[in-house]
Amino acid sequence: MQIQLHLYNTLSRTKEVFNPQDQANIKMYVCGPTVYDNPHIGNSRSVVVYDLLYRIVIKIFGSRAVKYVRNITDVDDKIIDRAELLGITINELTDKVTQEFHTNMAYLGCMLPNIEPKATEHIDVMIEIIERLIAKDHAYITDNHVYFDVLSAPNYTELSNRNLEEMFEGVRIEKSKTKNHPQDFVLWKPAKPNESTNMNFESPWGFGRPGWHIECSAMSYKYLGENFDIHGGGADLVFPHHTNEIAQSRCAFPDSTYAKYWVHNGFLTVNGEKMSKSLGNFITVRDLMDKDISGEVVRLFLLSSHYRRPLDYNDKAIEDAKKTLDYWYRAIENINVQKIDLPHNFMQSLLDDMNTPLAVKIINDYAKGVFIAKTEKERQLNASVIITCANFIGLMNQTPHEWFNSGVDSLYINELVNKRLEAKKQKNWLLADQIRNQLLEGKIILEDKSDGTTIWRKE
């Protein structure tokens, strides 16, 4: 039976069967970070969601058939402002934040994309596309800027499914007396006086830099061509970023449809509120790492809700994810687990528009199956299913011993355990009990075995 992936396509506003242009060459592009500040928990949701989609597509078509491109936006006004504020060079800032992004994503168990292009290394492709747009009367030069003519683009509002006036309500529009239409957006802008040369480049229209939207059109074209299969990003990118990408790419290449499937993940809030520095609820991935919260816990939290639905970060949600992983790891403890084929019901949940809440429930059901199993064979089968399914979605990459004892001083605990064993040999029951209670206060559980040895685990 042929495996079919169903994805909700924002472009058609329906769930569709994923039918790539070429099953031997699946093309996927995801908008990556703008490297001006450390990634926050909302940024990480997008990366984890598309990491899962990447894994699913690889499972169906094979790793050699999939090309996953995720860009680095290292040209942006926010980068200039941030570097100036910190008193460092632009390159120092972008290198530091890019490295932090990679560290954060490894912490969350994300696979690397096949290609991770930087905007600064593709200025020539951006210039090429802008020249095409000018030649086809979709862009114009004025006041040392190059603007895209929004009214020249067929079906400009197709992705957002709103009329032009509604789309721009509440959106900050760069005012210019020389723009043909207030909603026209910049493709190229001149450098400001005394501005860093690291963020500006020579072009046919003078020394300057590209607008944000042209960057992704250029990098997707460079590595995936005029047409590709999947374009992913956060719901906040539907307009204006993705809307403008479609417009300029289709106008530059009239025979192109650009991306066939548009996939968008929902917003993330913190304790029911929009995350912002002014509210004091801005949480970076580094903040979670510094609190010694396991990356697996954060990843499971991010997958606990359907990717298109809003997700709220709060202490209880993180605690629930930790308890769930504890339950799974406890279920496979002291069992000889083996990698097996993914069960049909689990795979079907992911093929149905990445229904991760159902996938998590299925793993929970198998964990319950371990504890109620009547035979060792049944326990082993259920435990093997747990580890196979969890590994597929990027979880349970530790042994139960490593999981339950992470963050503890094993040498110190072993020293106390040995000291207690010696006390028991000498029938010093008071000291033995004192050591047990001392470890218990640190949430370390001791278990005396019938052979005279003692094992320990974190509560």
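Quick reminder: no glycine exception, Cβ is built from N, Cα and C everywhere.
Around H241 (Zn(2+) binding site), the same-chain residues at least 6 positions away in sequence with a Cβ under 8 Å from its Cβ are C31, W212, H213, C216, G233. Annotated Zn(2+) binding site per Swiss-Prot: C31, C216, H241, E245, in sequence order.
Across the residues of the motif ''HIGH' region' (33-43), the predicted structure has a mean pLDDT of 96. Residues or ranges marked as motif ''HIGH' region' by Swiss-Prot: 33-43.
Summarising the annotation, Swiss-Prot assigns motif ''KMSKS' region' to 274-278. Non-local neighbours of the motif ''KMSKS' region' (274-278) in the same chain are 40-42, 267-268, 313; each lies 6+ residues outside the stretch with a CB under 8 Å from one of its CB atoms.
According to DSSP, K277 (ATP binding site) sits within a helical segment. According to Swiss-Prot, the ATP binding site annotation covers K277.
Every protein chain considered, the tally of other Cβ atoms within 10 Å of the Cβ of K277 (ATP binding site) stands at 9. Cβ neighbours within 10 Å of C31 (Zn(2+) binding site), excluding its own Cβ and spanning all shown chains: 22. Residue counts for the motif ''HIGH' region' (33-43) under DSSP (helix as H, G, I; strand as E, B; rest coil) come to 3 helix, 2 strand, 6 coil. Residues C31, C216, H241, E245 make up the record's Zn(2+) site, and a Cβ search at 8 Å around their centroid adds W212, H213, E215, S217, H231, G233, L237, H242, N244 from the same chain.
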